[in-house]
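Quick look at what TrEMBL annotates:
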COMPBIAS  11-21  compositional bias 'Polar residues'
REGION    1-37  region 'Disordered'
TRANSMEM  104-125  transmembrane segment
TRANSMEM  155-176  transmembrane segment
TRANSMEM  196-214  transmembrane segment
TRANSMEM  254-271  transmembrane segment
TRANSMEM  277-298  transmembrane segment
């Protein structure tokens with residue numbers, strides 16, 4: 001077998017890249033398109049385009065606001081959290097000693113919330129990455145240049161948040177229709193009643209919150225977990241650059257705290273009004289659907305990269 005001419009490698013290029021062998025195969029990465037930048041075109045191509053996560057913190061802050069609204073209202077009505085599973089874990093542990101005595105089977109509510117929260121997170125991640133898992137070295141050689149492309153496409157995010165909003169609206173409808181006793185403002189007090197019907201809307205709410213936090217993880221924005229603040233407080237005060245201008249991570253953490261607080265305040269006032277718990281849920285569901293529509297309007301990564309190229 002004859003060896004390649006001097007100065008010419010196996011790829012068909014000379015050492016100075018000025019001569020090319022017409023029979024040589026082009027590099028796979030050179031001819032592979034960036035995901036979302038080409039394809040069949042039209043609506044399908046638009047929906048399959050991976051979003052630019054540069055400003056994805058804004059929708060996540062709205063989700064944090066929703067967590068505040070719903071959790072404050074749900075706890076006020078059912079003495080359990082739909083989003084914050086740390087508190088539910090403590091409530092669950094109290095059940096081992098049959099406490100609190102004023103709320104028998106309160107541990108069961110916490111167990112249901114935790115279980116469906118985990119289920120929502122698992123399903124969201126698995127289904128979002130089902131067709132396009134994170135690329136391996138072999139996949140990269142074939143031209144796959146984007147991790148979790150399917151999970152962060154416009155269509156996937158839109159579908160996920162529409163389903164989350166539908167779950168909230170379903171819970172709101174059950175409460176508004178009177179199917180869940182004890183959810184009206186005048187009945188929101190601690191007593192000895194055991195109402196297992198509360199478990200149904202609670203499961204819907206907890207499951208969609210699991211999907212919500214899974215999305216924040218897929219987006220890679222750990223500063224806005226959307227459902228908890230313990231780590232956010234810690235990371236904020238231990239940040240050595242907390243006082244430096246232009247600190248994006250600090251701004252996100254502070255925004256997460258602020259939006260959760262404002263959401264909780266709004267949820268408290270709404271649940272205290274004649275609208276009650278159902279009113280808070282309808283507001284939260286509307287925001288979720290609004291976020292879903294917002295994902296469709298997000299610029300794609302291909303657009304962002306093209307803009308950068310034009311600037312150069």
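Each Cβ is built from the backbone N, Cα and C atoms, and glycine gets one as well.
Just so you know, TrEMBL annotations are computer predictions that nobody has curated.
Most Cβ pairs under 8 A with the transmembrane segment (196-214) among the ranges 104-125, 155-176, 254-271, 277-298 are made by 104-125. Here the transmembrane segment (277-298) has long-range neighbours at 47, 51-52, 55-56, 59, 62-63, 65-66, 69-70, 72-74, 76-77, 154, 157-158, 160-162, 164-166, 168-169, 171-172, 175-176, 183-185, 188, 205, 208, 266-267, 270-271, meaning same-chain residues at least 6 beyond its ends whose C-beta is under 8 angstroms from one of its own.
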